[in-house]
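Please read the structure below before turning to the comments.
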Amino acid sequence: MENSLGLEIIEVVEQAAIASARLMGKGDKNEADRVAVEAMRERMNKIYMRGRIVIGEGERDDAPMLYIGEEVGICSQPNAAELCSIDELLEIDIAVDPCEGTNLCAYGQPGSMAVLAISEKGGLFAAPDFYMKKLAAPPAAKGKVDINKSATENLKILSQCLDRSIEELVVVVMKRERHNELIAEIRAAGARVALISDGDVGAAINCGFAGTGIHALMGIGAAPEGVISAAALRCMDAHFQGQLIYDPAIVKTGLIGESKEANIARLLEMGITDPDKVYTAEELACGENVLFAGTGITSGNIMDGVRFFKGGARTHTLVISSQSKTARFVDTIHMNGKGGTIALK
Ligand SMILES: O=C(COP(=O)(O)O)[C@@H](O)[C@H](O)[C@H](O)[C@H](O)COP(=O)(O)O
Ligand SMILES: [Mn+2]
Ligand SMILES: [Mn+2]
């Protein structure tokens, strides 16, 4: 999968990031999102694969979004019979967030990315558009920290696993009212808190690398982003756990269905009989082969954003593979038209 699709997948996230980056700082998050979706779809539909979106922009409606269940790849084209032999192509499940951190992009803030995860059919958890309580931590703490434990207990465990004092730990938490107690607890335990307004996929991935200055992600974000984060962290043997949150009273933003009971019923309809189950990274991204790819739209901790120059653009992409056990940083110069002088600095 990595050999046949790796480079193509890189181009998918690169094109989405370039499209979105043209709208960086323009204050229009919907447009930044829309152009990323269009660019992602256009590039994805040239790939020789039988792709299916399992995490996208919601169920099919009139919007031209990458919707859940959408078939992508060369075989989804109207003239597919002339272009490919369907039975010979790989069946791939794809989770996408063409512009993760649309607010960050729209307001010129750091950390927005075009991201996706792929696996063979059935290899990614088709998470509902709910919230998810998340715990991400470095490989050294994998299976030792636990989302069922308190933040205070997890910080003690992290401190032992990373051989540093609690005061030397930094935990990323999304700045939301629902996290006020969590933030107070982390601070009281002695650790430092890095608050983010958006973009918890980037925060989770930061936990997978040493040297980012980020040692854990705690709190509640969106479930689809949880699956994409889990895919990346699974490839790195880092820690990720996620638990669906279906009670609007916990989330507090109110963007989660009518009531707790209605949400539980919706989960049941989807075949989720234990709504409180804690999922590991390996359950959320259970495929034999999993590939994560993300291109910086605006610059973040581990990736530069898109830089435009006369006649082209330069992108920075992270590709993590469970198959080859690699995390590759790909620095690409995109030459529009005839090319010309390429300035490296
Ligand atoms: O910040 C985020 C927004 O993602 P996007 O819509 O693709 O720009 C995500 O990283 C978060 O995980 C999540 O979507 C967020 O926590 C849910 O929104 P909120 O209700 O404001 O907490
Ligand atoms: Mn997102
Ligand atoms: Mn998005």
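Using the three backbone atoms N, Cα and C, a Cβ is placed for every residue, glycine included.
TrEMBL labels come from automatic prediction, so no person has curated them.
Residues or ranges marked as Mn(2+) 1 binding site in TrEMBL: Asp33, Glu57. Per TrEMBL, Mn(2+) 2 binding site is recorded for Asp97, Glu100, Glu225.
Here the features listed in TrEMBL are painted onto the structure.
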residue	record	DSSP (3 states)
Asp33	Mn(2+) 1 binding site	helix
Glu57	Mn(2+) 1 binding site	coil
Asp97	Mn(2+) 2 binding site	strand
Glu225	Mn(2+) 2 binding site	helix
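Taking Asp33, Glu57, Asp97 as the candidate binding-site residues, the subset whose CB lies under 6 angstroms from any atom of ligand 2 consists of Asp97. Taking Asp33, Glu57, Glu100, Glu225 as the candidate binding-site residues, the subset whose CB lies under 6 angstroms from any atom of ligand 1 consists of Glu100, Glu225. Proximity to ligand 3 at the level of Cβ atoms, with a cut-off under 6 angstroms, picks out Asp97, Glu100 from the binding-site residues Glu57, Asp97, Glu100. The Cβ of Asp97 (Mn(2+) 2 binding site) has 29 other Cβ atoms within 10 Å, all protein chains considered. Counting only the Cα atoms, the space from Glu100 (Mn(2+) 2 binding site) to Asp33 (Mn(2+) 1 binding site) is about 8 angstrom. Most other Cβ atoms within 10 A: among the binding-site residues Asp33, Glu57, Glu100, Glu225, that distinction falls to Glu100.
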